[in-house]
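Beneath this line is the structure, given in structure tokens, with notes to follow.
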Amino acid sequence: MSWSPSLPTQTCGAWEMKERLGTGGFGNVIRWHNQVTGEQIAIKQCRQELSPKNRDRWCLEIQIMRRLNHPNVVAARDVPEGMQNLAPNDLPLLAMEYCQGGDLRRYLNQFENCCGLREGAILTLLSDIASALRYLHENRIIHRDLKPENIVLQQGEKRLIHKIIDLGYAKELDQGSLCTSFVGTLQYLAPELLEQQKYTVTVDYWSFGTLAFECITGFRPFLPNWQPVQWHSKVRQKSEVDIVVSEDLNGTVKFSSSSPFPNNLNSVLAERLEKWLQLMLTWQPRQRGVDPQYGPNGCFRALDDILNLKLVHILNMVTGTIHTYPVMEDESLQSLKTRIREDTGILETDQELLQEAGLVLLPDKPATQCISDSKTNEGLTLDMDLVFLFDNSKMSYETQITPRPQPESVSCVLQEPKRNLSFFQMRKVWGQVWHSIQTLKEDCNRLQQGQRAAMMNLLRNNSCLSKMKNAMASTAQQLKAKLDFFKTSIQIDLEKYREQTEFGITSDKLLLAWREMEQAVEQCGRENDVKVLVERMMALQTDIVDLQRSPMGRKQGGTLDDLEEQARELYRRLREKPRDQRTEGDSQDMVRLLLQAIQSFEKKVRVIYSQLSKTVVCKQKALELLPKVEEVVRLMNEDEKTVVRLQEKRQKELWNLLKIACSKVRGPVSGSPDSMNVSRLSHPGHLMSQPSSACDSLPDSDKKSEELVAEAHALCSRLESALQDTVKQQDRSFTTLDWSWLQMEDEERCGLEQACD
């Protein structure tokens, strides 16, 4: 179908005639719009000069259309009331759903598709058309005129939907499943139809294969510019596996069984579809569509296997090569890494697989964790979902990236840019040159994506490091506070100890224990370790900020974008030349742009890899710091426990000493200030009678504390003398003091003595 200007306004009730959508096999197709409901339909009407045979075909098309119901076959609609009266003849009108996306030919003719559709668009197209053909064949219908003009596009909820139209040449199979008449489009015609031989559904296989090849490469597979007679005599010489018969710039005809370059398919799909095209483009009808695994007509099942592949795309940042792997639903990441090692030589332990956001692929999840559905993006995205492979054994990355090899025709004009080419040769070569510049730009963007993924991963590690730094600082502050408290406390204790020595109370063991504690806490704190780590982290932070500020740390446009746009403009001007100006010419301007693009690519790659090496160095520093910070935090936590333990031990020793002293005082005073007097304190033997039992009851396990307590008992006599002097001086004021702390019952006294023990 081809698009035409608007027609003179004509109405039928609420329906208004709009533009002509195109011309089909028997007549015109016109868009009508309902001004009340907003509904749109396509009305196909026959030309008046149809022969009786074609009038019968037209009626057959309407019958076929009205009984078909499939999402990839355009649906028939009811002809609005009264519209049949507007028909130019007595033949019935055919009303169909309107697909606003236009036909596939219009889509293929867009400049961007000169070297084939994007991968996602190809997969979507193959899926839809295969489904439609299956349906038609199951309903015993051969289309016979499958071509881009007879496929229209409709925007669905998630993607573009392709629908087959124009069944004007469709033929219902008779009981023998053979047909002998045909009038169709020669360029997509199966050989047996050209030869007017009997045929089956395999004629649609040939047309489908030709259509698929054109969508993949941007041109038809077999000498597209040759006349039918010469075409037939030359192409029939191809082998059963040849899928390309082309003419080079020297006029030499070449046969090939390989998919031509360039195209937009990944390596796995290119290989699988190459095998599938060999099935579809077999010259002999009986062998066409026969799959080795699924047998006759097994080409659709073979295509299903291809369309259902789950592919992981790995960009090796060491070489710049993309490796594509079909993976099973439950395949482990370790299994994928083993396959990567076989292709790249990078050990599994050294492989780091990053997604674009810098996230590491999780080892406990399957290899499919990074796959999205490429058939839902309508083929509009320029990039596949990439996983970036880094070699952790490398501390720096060398620039090992070179531009991809050029197609043969492009290499030819690079060597001879002044060589004159025909218009059709120039159109193909210039399109390939433009595509080569596009490819350079996309390859550069992918490498930069990999560098940014490494940068994002560095920032994630740096974020973890910053959190650990904050935790280290918090732990250091807490430890310092406890150390300061402990040191201050022990200094006070030592000062008070020196003051009380005037009363004659001394303990070398107690003093030695306190001195040992004081020395022990001096080993705690880790202030120097913390300081060194903080300095290293601050230096790393400065390096990371410098990386982020670098222009290459962000997505850049630049020279390649400009050169690609200039090449596109040159190609557009060539394509839009009037027919009378389509003369021979050279390719100097396009070659100049390609050479500049190659130089710009190599320069950008050097900058990207310089940035990547700096990123890798920073990441290595961050990874080295992480365990060191963890270790210092662990040691500080141990130091904190040590300080707390020493503090508790010192306090227990003080309280043990105090309890023993108090027990010697409480015994003679019997807990009553009224009965306390000097005479009660004048019997050293009585005062010394209780501590021995307390000492005997001390646990054997705490030997050091027992020794200190024993020494304290030895000092009791000195303490009694001091207490007697104090009691004598304040005997008169005892009754005014608060002695409630001595009001204890015998059970409490026993409990305290047991606690002391």
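One-based numbering along the chain as shown.
Backbone N, Cα and C define each Cβ position, glycine as well.
Pulled from Swiss-Prot, these are the features on record:
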| type | residues | note |
| --- | --- | --- |
| DOMAIN | 15-300 | domain 'Protein kinase' |
| ACT_SITE | ASP145 | active site, proton acceptor |
| MOD_RES | SER181 | phosphoserine |
| MOD_RES | PRO191 | hydroxyproline |
| MOD_RES | SER670 | phosphoserine |
| MOD_RES | SER672 | phosphoserine |
| MOD_RES | SER675 | phosphoserine |
| MOD_RES | SER682 | phosphoserine |
| MOD_RES | SER689 | phosphoserine |
| MOD_RES | SER692 | phosphoserine |
| MOD_RES | SER697 | phosphoserine |
| MOD_RES | SER705 | phosphoserine |
| MOD_RES | SER733 | phosphoserine |
| REGION | 737-742 | region 'NEMO-binding' |
| MOD_RES | SER740 | phosphoserine |
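PRO191 (hydroxyproline) carries a helical DSSP state (H, G or I). Of all Cβ atoms in the shown protein chains, 26 besides its own fall within 10 Å of the Cβ of ASP145 (active site, proton acceptor). Counting only the Cα atoms, the space from ASP145 (active site, proton acceptor) to the residue listed as 'hydroxyproline' is about 13 angstrom.
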